[in-house]
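A.B. asks: Once you've had a glance at the structure underneath, I'll fire off some questions.
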Amino acid sequence: MLAKIGLLASILVLNLVGQITPQFSENLPDPDPQSGQQPQNYQPSYNKDYSPRYNPLYTGQQSADPNQFDNTLVDGQSPNTYKGYYDGRAGGGGLGGNVVGPGNNLGGLGPQYDPFNRNSIGSAGVSYRDAYTDEDNFCPEHWVSFRQTCYRFIRSPKRNWAEAKKICKAHNADLINVDNVEKHSFILKNLILQNQRQNRFFISARQTGPLNWVNDDNTQLVQIEDSFSMDEQVPLENEDLHDNRFLVQNDLNNQNINNPNQFYNSLPGTVNQRNQNNLRGFIGPNQPYGDNRYVRDRVVYAFSKKRDRWMFMPAYEIELNLFICESKVLYSSDNVNIKLDDKRPYHYGLDINDMERIPRGPYFVKQPNDTTFDVNKNRLINDVTLSCLANGYPTPSYTWYREVYVDDRLEYQKIDPLAQDRYTISGGNLIIYEPKQALDQGAYHCVAENKFGRIRSESAHLNFGFIMEFNLKRSAETSEMNWGKSIFCDPPQHYPDVRYYWARDYFPNFVEEDQRVFVSRDGALYFSFIETVDRANYSCTVQTLVSDTGRNGPFFPLRVTPNSNYQALIFANTFPKVFPEAPVAGDEIRLECMAFGYPIPSYNWTRQGLPLQRNAYTINYGRVLIIQNATTNDNGEYSCTITNPRKTLMKSIYINIQMRPQFTIPLKDMIKDYNSDVTFICEAFAIPDANYTWYKNAERLDPANINRDRYIIQDNVLTIKFLEKDKDDAMYQCGAQNQLKTSFSSAQLRVLSMKPSFKKHPLESEVYAVYNGNTTIVCDPEAAPRPKFQWKKDGQVIGSGGHRRILPSGTLTISPTSRDDEGIYTCIASNQAGTDESHARVIVLQEIRFIETPPQRIVSKEHDLIFLHCEAAFDELLDIAYVWKHNGEVLKNNHDGTGRIIVDWNRLTVHNTSMRDAGDYECVVKSAVNEISSKTSVSIEGAPGAPGGVQVIQISKTKAIIEWVDGSHNGRAIRYYNILGRTNWNRTWVNVSTHVQAREVDRYTSRQQAEVVNLTPWSAYEFSVTAVNDLGIGTPSAPSPIYSTYEDKPYIAPRNVGGGGGKIGDLTITWDPLLPQEQHSHGIHYKVFWKLKGAIEWASDEIKKQDHMGVAVVNIPLNNYYTEYEVKVQAINSVGKGPESEIAVIHSAEDMPQVAPQKPIALAYNSTCFNVTWQPIDMSRENIRGKLIGHRLKYWKTTHQEEDSVYYLSRTTRNWALIVGLQPDTYYFVKVMAYNAAGEGPESERFEERTYRKAPQKPPSSVHVYGINPSTVRVVWRYVSPSQDEEPVEGYKVRIWESDQNMITANNTIVPIGQKLESYINNLTPGKSYNMRVLAYSNGGDGRMSSPTLHFQMGKTTRNGANTRHGHNINTALILSTLLLISTFLYTSQ
């Protein structure tokens, strides 16, 4: 029975292991912007539900009680001994105990402290309680702990299995033995959190027989179902298998690697004889090695893309992989103090207040960059600058070196500006004057130094850019029509890369890219297929990327020869292509795709097995895929699909992104004790993997020449033993190098010996504690080496016992705290250099407590108000603060920016509540010594929540059965549902069914079902469901997947059937084509019906041409011109015929009129116009043969030919028209024609007529206006004398209008010739302002108007009369005392 229970428990644990992905307990830090990886110094933490330690099914020997520590000795004592003394939170406030540290004199009271629950940890400076309770601190830096064992995930460098084991041994560890499920789960969680999918990790296990894998300690590798992937492996071309120690010459794919029962999956082929010895060196004494065959008998953790999870995979021992080390020996409390020492700031032990003047070694803030000097610009700019910048105190000085090879050995030549006047060093700038490629091209680096040491920069390369000239002539290119064509640029020699442009016929008439034409980054001009318009002269232009220097190539012709055939769709040349060819992380990657073939193809980019990333987008009609700021996560296979109506093809390209070394664990400054040890660790992510070198004061530490008793170098780890200030105080650097770059990380080592000092971190003068709580007083003096501690209370020495404990860090904990613990406490720190002490007074206060709390449960409605209130009693010496929380989040006044939430000390008001306001509200009262809280559960009733899981169970042409799961009822029962839908034709959500009563189909899941009718056939539907209760309509659900209704025949007839027009013999029928959503199937076309009005039989025709849909032209007898026809239209699709439209009556096409207008007469209207009349035309069908639209008048000067005639179109059926724009005193011939929609009829006989002579060309002069009374004025002017080419004057017009109106509103007062040259203008409005002009007129028309415009204002009538001496009443004001004549030229003289 017990065995069965254990088996079931194991199975449950395995299930948990298989589903660990979503169970992380904390947010991950942002990944590295280039590598895409998590920071390598990030160490994940686990909560109780995540760690196997707290798994209730855990069956190991450890206690599952989360309050129990592992029984590991800490300074000779079990951690359980210390557990009771770490209760409480670091810092001054919050749940937890009193921790008194630098800058914090207040503690607190709280519940039992959980050492592995990160949520209970405070953040006041260095938390010594954290240090001694966080299990990871019992392991060295960059190691993680699990079950009293330390683990290190080595992320650089990659090594084969034997060297990986050797490195682990150097760390006093070994390759990990995975012998139980808990450890396996722990490893998987770390691999997931560290985002290492692209890497593989060696463990110790190897295969000893079919399905038998054994760890190095002879324990069995943990056996988990489906944990091995035997069919995935590293391809042979992977750089890991191309290590220079061996040469594998046959392809791995020739063997059967998929058989898990095969004993030793062998690597076929031979090993080069010169490398056999090296290869044998990798194989242990018990490894099988015969017939020069190697075996895949090692195990790695690798991410399976097929199964999307981490699995075991077999591997070759000679592969270069990452690896995992484990060590029980390293798990020690000594690491706590070591880590605390390693966190000493760089100003540790220095009594300097000005942070900017703290002595410090140099460190680079700007590295020199690669520079290209454009030799084509040397006449304008003939110098080049390389720059570096370092900080430090004293300010660093700089030296520059040139890196040269002498006898195949790299040497650094110091640049001396005093000896070579071409060089200048200013600050960190190296300026080279008149640079010459033969002398100056190469790599440079700078060295920054001050009295604390020297550091070197990264290398920067100085290159020389140039572009040679194109060849002067180029032969013609020839291509066949309708076939693809590529024209290569043939650029001149150049450095660095150039951009390509193509000109057509002349420069700068650049070729415009379109769906058919493409200019690639390879420089070529591509045509999907050639057309005759491509026949032209072309020229290629190049421009360097480092300046505006460019070159224009010669023009050459492209000849196009006819060809009736079309090229089938193919990929052009070697497309798809990637630029740059060897992409590096951080580059912008450009993937190009180009195809030849007719018709024009479309392009689509996809990523194999994954969607395109967010930083990727397509341009240039989909031909080009751009990946911005590429990372190693962008590695993979990308496929281009080309499609035209005749063919579809797909081709892939693999991107393998390299990466320059980037430090994930940089060096950090170290302040170490005299005669102690220091370990520098650096780690860089790089592709290919990085190799490491170490430097001291810019000089390389050669492992062959160092003192091996003191210096230990193991790849990226440097250890120095028995530190001495004179020998070891220096600047140290780690160099990570691959074929792309060498990166450096630097740090200062300061060896220190000093007596304890409390100057920077004294104990607080007063420490407030809470009665019966936990109190922690941190004693943190500066000292080297770490001091011993002694505590006194009121002058009496106290020991570590009872309710007081002294931690190895010097921290004093008191738990529980009583009134007897009040007093003066003294911490005494001493080492061999001296002694110092600091004092603190402990005051014990009464804890705070609630006297009023909110109700435990509140029920409210949406848009209502919530009011909460709490009150606490507290000691008068304490200051308290009220904090309100909602679901754990602290609320602030106007928290959401809408003014709804009002936080007023111990009162909380929430206005206009919504469903998001439901949840737990907490009133927290905080003081310096403890905090308390009270929770209230608030329920909000409102409209229902959004349903979920909407899907279609069954669908037909117009109906669908939909199922969903109800969302939250939000306190009220659901009454009914509304079902919304949208289609591929219309993306707007509309109600497709309302007031739906659903049927429950599964009472366990509350799944509902309903039928929707009146859907549109042949449509892709998405559905959404909203629930309705007494309080309103709820939130719509997320859209369902897309479902398509079945096809059906059209349901409606075409609309707006009509027609008419066209040429004689045509019957044109028009209609509105059905909308896409009305077509109900593919293959839509139409059938038209027609017949003479009154006839019985219908004629018909089907119209299938897509380009003229909506119009049909059928042939009828020619003599049926302008005849009424009855027509109708019917829609047809691939399923069947729709209904016929209603009958519409239209006319057939018209014929041209057959009669000419009779007796045309033209009479002169004025000097520039004729009035032409004629006898009305008989409007019979036989004469007009359609509908008369108007008349066309033809006129020309009698002195000109009729071919020079001008036409005037009169769009009316009246029998007269005015022809304007003629010349004065000129004879014209005039003809008239009738016209309809078919054209014009025959011309009438011509008629000759002369226009009048000109209108008067002189305006009247001496125009004056006089007021007669408030409504009458008198106007006088002088006579106008006409010239011989003018018609005699017939009279005059006085034109007057209100000044605020336009002249078109003017009234004309006519004065015939022969009368007195004056006019009285009556009926004017008193007080109004008027404008006035006078003109002469004749048969030739109106003459020019007087100028300027006269402006005057009428006077107002007065009621008060004044008697004259003659006894008559007169108006005091007839018009203003004088008429105001404004010489405003409102209008030009006519």
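Cβ atoms are placed via backbone N, Cα and C, with glycine included.
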A.B. asks: Looking at Swiss-Prot, which of Asn604, Asn1014 is flagged as N-linked glycosylation site?
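C.D. replies: Swiss-Prot annotates N-linked glycosylation site at Asn604; the rest carry no such entry.
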A.B. asks: Tell me which of Cys489, Cys593 Swiss-Prot records as disulfide-bonded to Cys540.
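C.D. replies: In Swiss-Prot, Cys540 forms its disulfide bond with Cys489.
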A.B. asks: With reference to Swiss-Prot, which of the candidate residues Cys827, Cys870 participates in the disulphide bond with Cys779?
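C.D. replies: Out of the candidates Cys827, Cys870, the one Swiss-Prot links to Cys779 is Cys827.
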A.B. asks: Looking at N-linked glycosylation site as annotated by Swiss-Prot, pick the matching residue from Asn629, Asn1323.
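C.D. replies: Of Asn629, Asn1323, Swiss-Prot lists Asn629 as: N-linked glycosylation site.
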A.B. asks: Which residue, of the glycosylation sites Asn369, Asn1166, has its CB surrounded by the fewest other CB atoms within 10 A?
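C.D. replies: Among the glycosylation sites Asn369, Asn1166, the lowest count of other Cβ atoms within 10 Å belongs to Asn369.
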A.B. asks: How big is the Cα-to-Cα gap, in Å, between Asn986 (N-linked glycosylation site) and Asn604 (N-linked glycosylation site)?
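C.D. replies: Here the two Cα atoms are 25 Å apart.
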A.B. asks: Closest of the glycosylation sites to Cys489 (disulfide bond), Cα to Cα, picking from Asn537, Asn691, Asn774, Asn1166?
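C.D. replies: Closest candidate to Cys489 (disulfide bond), judged by Cα separation, is Asn537.
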A.B. asks: Measure the Cβ-based neighbour count of Cys388 (disulfide bond), defined as the other Cβ atoms within 10 Å of its Cβ.
C.D. replies: 26
A.B. asks: Report the member of Asn604, Asn629, Asn774 (the glycosylation sites) whose C-beta atom has the most other C-beta atoms within 10 angstroms.
C.D. replies: Asn774
A.B. asks: If I take the alpha carbons of Asn912 (N-linked glycosylation site) and Cys923 (disulfide bond), what is the distance between them in whole Å?
C.D. replies: 21
A.B. asks: So what sits near Asn691 (N-linked glycosylation site) in its own chain, CB-to-CB under 8 Å and at least six residues off in sequence?
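C.D. replies: Counting only residues 6 or more apart in sequence, the Cβ neighbours of Asn691 (N-linked glycosylation site) under 8 Å are Pro157, Ala736, Gln737, Asn738.
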A.B. asks: Using Cα coordinates, what distance in whole Å links Asn1307 (N-linked glycosylation site) and Asn1166 (N-linked glycosylation site)?
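C.D. replies: One finds 21 Å between the Cα atoms of these residues.
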A.B. asks: Can you grab the distance from Cys593 (disulfide bond) over to Cys682 (disulfide bond)? Cα atoms, rounded to a whole Å.
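C.D. replies: Checking the Cα atoms of Cys593 (disulfide bond) and Cys682 (disulfide bond) gives a distance of 42 Å.
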A.B. asks: Which recorded positions are spatial neighbours of Asn369 (N-linked glycosylation site) here, meaning Cα within 10 Å, out of Cys388, Asn604, Asn629, Cys640, Cys779, Cys870?
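C.D. replies: Correct set: Cys388.
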A.B. asks: Could you give the number of helix, strand and coil residues in the domain 'Fibronectin type-III 4' (1259-1357) as assigned by DSSP?
C.D. replies: 3 helix, 53 strand, 43 coil
A.B. asks: Please classify the secondary structure at Asn774 (N-linked glycosylation site) using three-state DSSP.
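C.D. replies: In the DSSP reduction, Asn774 (N-linked glycosylation site) maps to coil.
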A.B. asks: Look up Cys682 (disulfide bond) in the DSSP assignment and reduce it to helix, strand or coil.
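C.D. replies: For Cys682 (disulfide bond) - judged by DSSP and reduced to three states - the answer is coil.
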